[in-house]
Amino acid sequence: MADSSEKQRQSGESPRSSEPSTLPTVNAVEKPEPPQSSLHPAFYVVAWIGFSGGVILFNKYLLDTMGFTIVLTTWHMVFATFMTQVLSRTTSLIDGRKTVKMTGKVYLRAILPIGFFFSLSLICGNKAYLYLSVAFIQMLKATMPVAVLITSWSLAVAPVNLKQLGNVSFIVIGVVIASIGEIRFDLTGFLWQAGGISFEATRLVMVQRLLSSAEYKMDPLTSLYYFAPVCALMNGVVALLTEVPTMTMQNIYNVGYVVLIANALIAFMLNVSVVFLIGKTSSLVLTLCGVLKDILLVAASMGIWGTPVSATQFFGYSIALGGLMYYKLGADQLKQYAGQAGRSWQEFGQNKPATRKALIFGLVLFVMFVLLGGLAPTYAPEQTGKLRDYMGFNTGGVVNTHP
């Protein structure tokens, strides 16, 4: 009996002594996993909001200074073409192009038509800034999901769904109310912006239809790698026929070469920030960032250019933003995230009550500042103008010339 138990003990021990199980452990120690990025996801959120809002405000300034919209979009696309070519040869940011089975047939069938509508959306969207305020344009852009939905039905990409139509109806109602409340409404600018939204919706649906398979899916930078040269060529031809004949070097000197390069660099960095934002966060964060960015742009337009925003617009835009979040997230997700946010806010108040009170007080002050700043040009234009002159603000620009 003792001999048999001794044999079992030895047979149980011998595999452990002969197993090469220590090799993976040694390899794991010798080759540790690459360190994760030390940057907090909030950094990518702030970067995307900053670049996205900065491009819009920067473009508004340049368009008011130069007055040539198509030339500006052409310059952006030429710069983007150059930068994507450089990054493709020096970094791994555009390695996604290696998985795209791009052929001449695919280029003619998909890239060229999508690039054509991309160019039209850029031209029309920038033209609108010559007639409308940044605040009102951001309100109109809230209808993009509606335009994409209707376009997908028109092109038979998706079946007609009346429930979805009901979900987006709040966006339409809110934007209609905001448009009625617009103090400096301009029909020409409204039509330009409507055209830009329609062309952009068509582009997005065509991307979904023509490039929906796995071998053609692209991240924003890879898409820019293929579409920027097409847009640069198309916009350049239009600019040569329309704006370049009336343009002089003095228009460039009024802006400055450094400013133009900085503007194009910020526009390009927006595409880079989108790649990192999508990779480091979720679709919920992307949706909420878009809503926050639009609100901040409306506030920035009111503060920088003194854009008057009526109470009717605030009411309509609030409905549109609520409808936008409901459409993108859905009722169940909204309830879930609202519950999580409420619990987190309650825990934050218990741990740091003084900080929470300070945040609430600051938010109230910010809302009052935005409301009073927007309503002041409406109800006290003379006093507001004197204050702006005293502070040294220059309210010049195409938009302000329209009563």
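Each residue, glycine too, has its Cβ placed from N, Cα and C.
Values in this document were obtained by computation on a predicted structure and should not be read as measured data.
Record features, source TrEMBL:
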COMPBIAS  1-10  compositional bias 'Basic and acidic residues'
COMPBIAS  11-25  compositional bias 'Polar residues'
DOMAIN    42-327  domain 'Sugar phosphate transporter'
REGION    1-36  region 'Disordered'
TRANSMEM  41-59  transmembrane segment
TRANSMEM  106-123  transmembrane segment
TRANSMEM  129-153  transmembrane segment
TRANSMEM  165-185  transmembrane segment
TRANSMEM  223-242  transmembrane segment
TRANSMEM  254-277  transmembrane segment
TRANSMEM  311-327  transmembrane segment
TRANSMEM  358-380  transmembrane segment
Chain residues outside the transmembrane segment (41-59) and at least six past its termini with a C-beta under 8 angstroms from it:
72, 126, 129, 134, 138, 262-263, 266-267, 269-270, 273-274, 276-277, 280-281, 285, 289, 292-293, 296-297, 300, 304
Under 8 Å between C-beta atoms and at least six residues away from its ends: which parts of the chain pack against the transmembrane segment (165-185)?
132-133, 136, 139-140, 142-143, 145-146, 149, 307-324, 326-327, 378, 399, 402-403
Looking only at the domain 'Sugar phosphate transporter' (42-327), what is the mean pLDDT?
89
When you check the transmembrane segment (311-327) against the transmembrane segment (129-153), do you get at least 3 Cβ pairs under 8 Å, counting only pairs 6 or more apart in sequence?
yes
May I ask for the residues of the chain that lie six or more residues beyond the transmembrane segment (106-123) and have a Cβ under 8 Å from a Cβ within it?
69-70, 73, 76-77, 195-197, 199-200, 202-203, 206-207, 210-211, 216, 226-227, 230-231, 234-235, 238
